[in-house]
Structures are given as C-alpha cells and as structure tokens.
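Below is one structure, written out as structure tokens, with a few remarks after it.
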Amino acid sequence: MPAIVLIGAQWGDEGKGKATDLLGGRLQWVVRYQGGNNAGHTVVLPNGDKFALHLIPSGILTPGVRNVIGNGVVVDPGVLLDELAGLEARDVDTSGLLLSADAHLIMPYHVAIDKVTERFLGNKKIGTTGRGIGPCYQDKVARVGVRVADVLDEKILTQKVEAALEFKNQVLVKIYNRRALDPQQVVDEVLGQAESFAHRIADTRLQLNEALERGETVLLEGSQGTLLDVDHGTYPYVTSSNPTSGGAAVGSGIGPNKISTVLGILKCYTTRVGSGPFPTELFDQYGEFLAKQGGEVGVTTGRARRCGWFDAVIARYATRVNGITDYFLTKLDVLSSLERVPICVAYEIDGQRVEQMPTTQTEFHHAKPIYEEMPGWWEDISAARTFEELPANAQAYVRRLEELSGARISCIGVGPGRDQTIVRHDVLG
C-alpha cells in the first residue's frame, strides 16, 4: 500500500488528529514529518478520553501502530519526555515510537533566543509560540544544528554546543542583555534527557521504506497548515518548515512516487492563531458564536483563535499546491442553528474581483471577501452517520464547498468523537 499524506488546508487547527484517529485501525505506521511542539492536535476516543498531543504522532493512541518522529521534525527533548510520561501515566503503550537519528534537537539556547526576540520586536512580532522552533530550523539551514544522533557521541555534542554558544551567548548578552548559558551545563542536561530516549533512535527512512515494500500502510501526518508553510503560506506570518505535501517526502525520507493519496483537512469555517492577514475574519456576534461553539482555543498556546467564514480561495489554493485528492471536512455540527452561512468565493482587491490567492503580501492585506450565502439548518446533526441523514441545506453546503475547493469531500466530521464521522468515500480503498 502506498503512503498517504494528511495535510492541513488552512492555517492549522483543522482537526487533523481526528482524521488520523479515524484511519488509525487500518494503518501500520504514522509519521510526523515537520514542525515541533509549536502545534497541537486533540484526539477524543470513543470512551470520551481526550488527549492533546504536541510532538508525538496521534497514531500513538491506536494499538499496534508504529509511530515515527521523522527527520524533518525539530525535537525538544524535555517536551518529548513529558509527553511520553503523560501518555504512559494513562496506560498508553509508547514502545512503538521511533525517533529519526537525523531530526534536529531544540536546545535551551534556541528557546531563550526565540522568547527574547519576540519581546524585542514588540508590535512587529510574527507571533511565534516562543518554543525555539524557528531558531532551531535556522541552525539546521546554517549547518550548525544538533541532530538527535549527536547525543550518542558526547565529544561531538560538546563540540557543537561550544561552537554554537560562542556566538549565541554574544547575542544573548550584548544584544538582549540576558545571562550567558554554560556549554557544559547544556550538554549535561541534554545527555541526561537522552538516557530516556536513546533506545528509540533509528534510521527511520530505512524502516519506512521497508514497510512500504512489505505492503504496509504509512500515514504521513503534517502539523499546522498550508497557509503556514514557509514557502507557500502567508509569509512572513508562517512557520519555519513545510507542512505542505512536498515536505512530507523530504521530512520522512519516503520518495514522492510512493505517495498515492493526499488527504486535506478543511474546517467548515476558518480560524487562525497569531498575527497575519485573514480576509474572512469576523469581529461580531458570529465570530463569537464560532469561537464558542467550536471551542476555538489553541491546543499548544492556549490562545483564542481568530474565527471567520469558510474561504474557498484558500481551499482552492491548498488543493493546487498540495495536489489534494480528498478532503475531510470537520466541525460541520458547529454551524447548526445559523439561519444563513456565508462562503467567501472571491476577494475584492482595489476594486477588482480576484478568485485566486493574491501574489503579494500587500494585496492579501487589502483583500475584502466576496460572499455567497447558503441557507442554514437548525437540526442537531451530531448523530448523523450517512450523508443522506444530514439536513438538505447541510448537504447543499457540503456539495458547494466540494465544488469550490476542487477536490471531493470524502469524510465529514459532525462532532469531536471518533465515531462522529460520515464517510462518503473510503480514502484507503
């Protein structure tokens, strides 16, 4: 069975954990291929148990599934160990989790620099989570990063940390007026943490490709979303990695010809956390309604999410840049009880109608949504398990989103639970 990529098609927080959990029983492997603990996903099990994960793939909650933190991920050792301990305390078997030897480690100096930089920028800040993700990726690209495998060689680790702090301590002390970090203290801290995860380090590229050769099913799970991609997102208000489908091959070591399906996750309205343009953002009672009904609070940051109507311009763009074959539409139940449900079908920019993503940052900031209104529905749809059980207006809304997005909507979420899903097409079929 070829690999499947799971992509957030908006600004993240679309409900990717629910999709992974739904497919989990038919998967052998789940791979996280980019990002770090700057994003979170929530999974609600049939018994009502809720798990919030930030670094570990959500397949960890499905017995028998092997999970991989891939080479494209940046790993905070402390967060990894805390998350493992939290899962094990709730009797989750974590023995099947592997960690790529080539993933990069978030070091204490990355976190320190990230936090003080955001404070220094003031109202010009990008809105990072302050968890060291960006600085770690900077070191990776500059070829001065610390990789997971380095914890297996104390001499190499010490050399890398000493070289890094020779420069970074200058930045912390002379620019930000902060205390210098002691290289040996940093090394000792990381080596101490490594004692608890060294047995998980592996050549995950080899293991994943061998699994595909055996006919096993591999899900490549992205974090965040298309519009946060460092290349294809609303730059500079983006993350430091590639959540789009192209990043799945690079961040896992699986060749693109092994990928057969790209499953995009779309929320039936739009949300965003942090700074940056958001054409359909609502500042009225409807925005409050979506936030309250949808429980729109960031899993990782605890920050309230900005809410707006569905943006078909963004959805079309996500379909194109990811090669999305199928969509999983989430949170349709949140829209119940609205008399009318607007859909942004295009933008007005400087008096012109624009149906594709604007080319420049300035144009996107000036974009005003052009809405098409659909009739709403009052019924509680949380018990629907077939498309035909949905109210006629809800069915019409889904079909219109499918038409505007340019890919079929194969699954529909009608509640947070694993079983609260309508499957129109089998994405693993």
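Using the three backbone atoms N, Cα and C, a Cβ is placed for every residue, glycine included.
Among the features that Swiss-Prot reports, active site, proton acceptor is placed at Asp13, with the record citing sequence analysis.
Summarising the annotation, Swiss-Prot assigns active site, proton donor to His41 and lists sequence analysis as the type of evidence.
Under the heading GTP binding site, Swiss-Prot lists 12-18, 40-42, Arg305, 331-333, 413-415, citing sequence analysis as support.
The Cβ of Gly40 (Mg(2+) binding site) has 19 neighbouring Cβ atoms from other residues within 10 Å, across all protein chains displayed. In the three-state DSSP classification, Gly40 (Mg(2+) binding site) falls within coil. The Mg(2+) binding site feature in Swiss-Prot is assigned to Asp13, Gly40.
Summarising the annotation, Swiss-Prot assigns IMP binding site to Asp13, Glu14, Gly15, Lys16, Asn38, Ala39, Gly40, His41, Thr129, Arg143, Gln224, Thr239, Arg303 and lists sequence analysis as the type of evidence. Other C-beta atoms found within 10 angstroms of the C-beta of Arg303 (IMP binding site) number 13, with every protein chain shown included.
As annotated by Swiss-Prot, substrate binding site applies to Val299, Thr300, Thr301, Gly302, Arg303, Ala304, Arg305, with the evidence given as sequence analysis. Every protein chain shown contributes to the tally, and the Cβ of Ala304 (substrate binding site) ends up with 12 other Cβ atoms within 10 Å.
For His41 (active site, proton donor), the count of additional Cβ atoms within 10 Å of its Cβ stands at 27 [all protein chains shown]. Counting in whole angstrom, Thr42 (GTP binding site) lies 18 from Thr129 (IMP binding site) by their C-alpha atoms.
In sequence order, Gly8, Trp11, Gly12, Gly35, Asn38, Ala39, Thr239, Pro243 make up the list of same-chain residues 6 or more apart from Gln224 (IMP binding site) whose Cβ falls under 8 Å from its Cβ. Among the residues the record lists as binding IMP, namely Asp13, Glu14, Gly15, Lys16, Asn38, Ala39, Gly40, His41, Thr129, Arg143, Gln224, Thr239, Arg303, the two farthest apart have Cα atoms separated by 34 Å. Here the candidates are the recorded positions Asp13, Thr129, Arg303, Ala304, Arg305, and by Cα distance the one nearest Val414 (GTP binding site) turns out to be Asp13. Close to Gly15 (GTP binding site) in the fold, though at least 6 residues off in sequence, lie Ile265, Lys267, Phe328, Thr330, Lys331, Gly413, each with a CB less than 8 Å from its CB. DSSP assigns Ala304 (substrate binding site) to a strand segment in the three-state reduction.
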